[in-house]
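**Student:** Annotation source Swiss-Prot lists domain 'Hemocyanin N-terminal' at 33-155, citing sequence analysis. Feature annotation from Swiss-Prot assigns domain 'Hemocyanin middle' to 161-429; the stated evidence is sequence analysis. Under the heading domain 'Hemocyanin C-terminal', Swiss-Prot lists 438-674. For 54, 204, 681, the entry in Swiss-Prot reads N-linked glycosylation site, with the evidence type sequence analysis. According to Swiss-Prot, the feature signal peptide maps to 1-21.
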């Protein structure tokens, strides 16, 4: 099935110094890890057809009695809660699921707790086998993903690519129609690759048939519908499930701050892609006026229901008015909290948010997560905005729902409304930062560090073909033993870039540990007007951040684009990854894995640019690191060391009357070239 490409965080040994960077550990799996890895993949194989997936395990699941084995779980109350819900009826198999419906969330949460509190992996596996047979497929997949990410005994166990598990969230309905009929009608061209027969289906993105003159947002369809980007967003929200209390499940205490900053990075990356397509800043919107961007998905759910659409410049439906009244009240309370500096907690006491943990508190109440100081008073403007802008009808009953794209994490970023929601939310972030005391020059200028030079290789982007195997997400007949195994693959073009290096020379007056940050931002706006500094620094996007040891004198550093701290390469297809597991189990061949399970798609590090070269600028910042630093640990992103400064430093609080000119900081003009496919064989 798949394995992430090895990313070594290494800065080269060059002329004047040895420069060491922090890196993600790579481990060699022992047999226990391999067996767990194999079983997890089998738990997520053909979830809609468990008896066809493995009849032995299907029978084992049916034989497992949770109530009779209540002592096999570490939390009897959680088991009783689940059994009570199950006996009163849960979401039937085949029905649609979304976290944004309280009853469905309650059921899924109870199932997750059942998985989480299994006393060992064997009990967890048996419980999951039972649930695979009896629980709604989407509830099962989501709760199992969350449990594997959270349980102590499944740390860094890889999960199947979500776009293989749930292709209906990633590909157009006409493509999946062909996939479902590929074997029945035999109309698709096939090819033989190794031991498999492959069916290749070319695919467009949604809206390929629309007139772009009237729907300019469609220029960005290759970006907002990228399967790697949408899978990244799913895992971003899995890092801190909004319904999960941090203390109860030992989650880090910066979830609110990470929620805000990670969405700020996504928004800035999106903005750079807008510039590459000559689109302006996002417009403001009013809850009492028509909403500009339309959304016309050509996707259907696995049960055949279409994703809801939203016409361009449409008035809000009457059945959304109750949510509009509520969100306007909640937004006014959050604005008042930022302006006053105080929020009201559950005990009716005022709490100062201009404190060390203040931004984290603010992020929690905006998201409305389980750590919010006062969910009743501040609600969740994140959830309410999705409810309103999704334009889906109200549920006919608690189990008859048609979620909008905004109510499914892996489809949220496809809707242009997503970016309007988070522009509004990130405006609160900027407002909070502007209310804080700005940095003084002594906090960001370090004369003992001087950047002598900063260059970067030629930056070239292009579109490439990518094949996705989707067998696991389709209903398929049992294959005859004499048939050659077949794979159904969807082929799409995706944005990528040629690898490149940053070349940095730093002069240090003494040996020290330092932190290097690299940001990319616009040079001009969509009207070709030079951006303003520091006002427009809020649009800069952090692409790298690492610590290293500097020697006294000149230090020459080379940093490759593959090393950027939060990126990773594409995942291997499931059939390849699974074969590696079995090979290692049946031989002496080692199986290695990274201590992380996902990252931002490295392909999308750079905006598309233009054929003639599009101007952007890099901002390089170097600062000393004290003996103390932050050890960032994530079950999804891995472990990494950062200095103790805030996310986005030093651009998070712009310093006015200062052009960010100093010995330890530097702006660098760059051009990003986009090459057509037929140009890629030409040497430049």
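Keep in mind that glycine also has a Cβ here, set from the backbone N, Cα and C atoms.
Remember, predicted model here, so these are calculated numbers, not experimental data.
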**Student:** What does DSSP assign residue 204 (N-linked glycosylation site), in three states?
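**Tutor:** Note: residue 204 (N-linked glycosylation site) is coil by DSSP, not helix or strand.
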**Student:** Just give the helix, strand and coil counts over the domain 'Hemocyanin N-terminal' (33-155), going by DSSP.
**Tutor:** 88 helix, 2 strand, 33 coil
**Student:** Compile a sequence-ordered list of residues in the same chain as residue 54 (N-linked glycosylation site), six or more apart from it, whose Cβ lies below 8 A from its Cβ; state 'none' when nothing qualifies.
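**Tutor:** In sequence order, the residues whose Cβ lies under 8 Å from that of residue 54 (N-linked glycosylation site) (at least 6 apart) are 42, 45.
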**Student:** Cβ distance under 8 Å to residue 204 (N-linked glycosylation site), same chain, sequence separation 6 or more: which residues?
**Tutor:** 172, 175, 492
